[in-house]
Amino acid sequence: MVSPATTATMSAWQVRRPGPMDTGPLERVTTRVPRPAPSELLVAVHACGVCRTDLHVTEGDLPVHRERVIPGHEVVGEVIEVGSAVGAAAGGEFDRGDRVGIAWLRHTCGVCKYCRRGSENLCPQSRYTGWDADGGYAEFTTVPAAFAHHLPSGYSDSELAPLLCAGIIGYRSLLRTELPPGGRLGLYGFGGSAHITAQVALAQGAEIHVMTRGARARKLALQLGAASAQDAADRPPVPLDAAILFAPVGDLVLPALEALDRGGILAIAGIHLTDIPDLNYQQHLFQERQIRSVTSNTRADARAFFDFAAQHHIEVTTPEYPLGQADRALGDLSAGRIAGAAVLLI
């Protein structure tokens, strides 16, 4: 694809005014194609996943970091322009025509104690795609080359898009649980991230139990190999060695902790969670049960997950929408009408 002229325009969606989806917070606009900085790539977007974090940004669950931001941080596209300093800035060379991925994390300082010890996801100066900077609900976007991702082969653009956040954050969440080999893992909520994480855990020999509100999601869980699937607040049939809470519902923390066996760990995968009810120490935490949060991801997480995905083909269920229906896609996600991980095609 030829790089667009500096005066070229594109179609995109912006968060006009954060609020519930039925108030029309998204607005479709025609705006200038962004220009890449010397350390950036200009990318023609081919597919962009529709993530629950996009919903949190759009509905105002998260504070506004950029007025009228273009959401979207699970971006797959084609490099059409390479900044003059990219060779020095990137961990690997990028050329025009390369397929590239753009994820949530797009900037860290590189010098703080967190960056130096390999925990760049905790960097106080971190910046995020589709929140601090414009994302992929558009025909074109930019990304710092140092935070662009080479992608595994064997996947379509649509299949790859959810791997860039739903996949990576699920992979990190699974690591945070310290699930023992052959252990029993509970998944609370079964949307885009959980249905990918389940396959990762199954490939590692885990036994999966799913608690989720949607009948279609429960059906998908069983099709993918879960040992059981029940309603969101139901108790699994066996004690769990670990659990991951994907649903942004604080009320589920207590039943998840109660389902843990001694020494079990509950990882909370989301960036936003409603209030957690009062805990009872003896009932919910004693016997060395733990709660752990999960904050973003590192580039090392992404590389490890993509290596895993290249070896174990993940079956990504991707209801597809055209770019012009981004508002409908987010509305369907909000209403629980999506099984799997929705993707916008551009």
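Along the chain as shown, the residues are counted starting at 1.
Just so you know, glycine gets a Cβ as well, placed from its N, Cα and C.
Annotation source Swiss-Prot lists N-acetylvaline at V2, citing a large-scale study or a structure entry.
Take the CB of C51 (Zn(2+) 1 binding site) and look out to 10 A: across all protein chains shown you find 30 other CB atoms. DSSP assigns C51 (Zn(2+) 1 binding site) to coil in the three-state reduction, placing it in neither a helix nor a strand. According to Swiss-Prot, the feature Zn(2+) 1 binding site maps to C51, H73, C165, an assignment based on similarity to another entry.
The feature Zn(2+) 2 binding site is assigned by Swiss-Prot to C109, C112, C115, C123, with similarity to another entry given as support. Here the Cβ of C115 (Zn(2+) 2 binding site) has 19 other Cβ atoms within 10 Å, regardless of which shown protein chain they belong to. Mapped onto three states, the DSSP output places C115 (Zn(2+) 2 binding site) in helix.
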Give the sequence-ordered set of same-chain residues, not counting C109, C112, C115, C123, with Cβ within 8 Å of the centre of the Cβ atoms defining the Zn(2+) 2 site.
T108, G110, V111, K113, Y114, R116, E120, P124, Q125, S126
Looking only at C109, C112, C123, C165, which of these binding-site residues has the biggest number of Cβ atoms within 10 Å around its Cβ?
C165
Inside 8 A of the center formed by the CB atoms of C51, H73, C165, which other residues of the chain have their CB, for the recorded Zn(2+) 1 site?
G49, T53, D54, G72, E74, A103, W104, T129, G130, L164, A166
